[in-house]
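J.: So TrEMBL lists these for the protein:
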type	residues	note
DOMAIN	1-254	domain 'G-protein coupled receptors family 1 profile'
TRANSMEM	17-40	transmembrane segment
TRANSMEM	60-79	transmembrane segment
TRANSMEM	100-122	transmembrane segment
TRANSMEM	142-167	transmembrane segment
TRANSMEM	200-220	transmembrane segment
TRANSMEM	232-256	transmembrane segment
Amino acid sequence: CTAIFTRLASRDLHKPISILFCNLAVSDLFTSFSGFWISMLFITNPDITIFGSREMLAPYALYTTSILSTIYNLVSIGIERYLAVAESIRTRFRVARNHSIAVVFISWVLAFFLGCLPLMGWNCLHAERSASVLYSPFCVNYLIFIAMPNVLVAFLVPLFTYLRIIIILRRRKLRMQACGQATGTYQSAETQVARTSISIWLLALVSYAPFLAGVIFDAANRRCHTDLYPGVYIFRNCTAMLITITCLGNPVLYTLRLRTLGAKLKALRCLSANRGRACTI
């Protein structure tokens, strides 16, 4: 909520990246709310969170939707940062405010559609043999369908985009050195982007890798709920806590460093233009 109010109070939502940051905070808010809802159901009736019930479909669907929206936001931010840095080199495409709004709309539509599939009928309320042990009454094949591609996207796309950003900054620094110009701004920007990107990728890895491991274990396991209690469910709760930590880490990584990162990118564009003029002369 603090991240949302900060973005709205700054009146800076005309920038594409600010819209993505604010939407990421909304996704984190939904994740926290749905996680709190599941926790309250566990406190009032622990059995339904272990053996499954129709009452768990709605909170699990909202939880899945919010996690998917967060993943799509993280991927969108990585792509937007890459386009912002690579704008003056290989692409003439510039991300505008309308593009960010369209990305936000598409992300939520896709997240709601995939997350609400169990509410539309893809559940295992009447097919206990195919039900998930960790997230009953979700079906195991639904969890595999949702978790596998989206978690891989959350790992690979940010890794590729941020590595490309670091490579572009390093190449620009070498070209600046060849032109005999100072490279202090490039060195500082390269260090900051490298630290931020590594933190983003590690946070996603630590948050979603255990969840993916739980889904794989769920698919390979055929034992009943009581045989796995309590160790496996403690692991499930720990994965939920790690995802919640992501909701706390995202504002620190994105919102609080927005001005500094924006100033660095603006300085890089100016230096890039001056470099072109100097090399031409």
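Glycine is treated like the rest: Cβ placed from N, Cα and C.
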J.: Same chain only, please: residues at least 6 beyond the ends of the transmembrane segment (232-256) with a C-beta under 8 Å from a C-beta of the stretch. Say none if there are none.
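T.: Result: 2-3, 6-7, 21, 24-25, 28-29, 31-32, 35, 38, 50, 67, 70, 74, 77, 133-135, 196, 199-200, 203-204, 206-208, 210-211, 214, 217.
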J.: Going through 17-40, 60-79, 100-122, 200-220 one by one, which has the most CB pairs that fall under 8 Å from the transmembrane segment (142-167)?
T.: 200-220
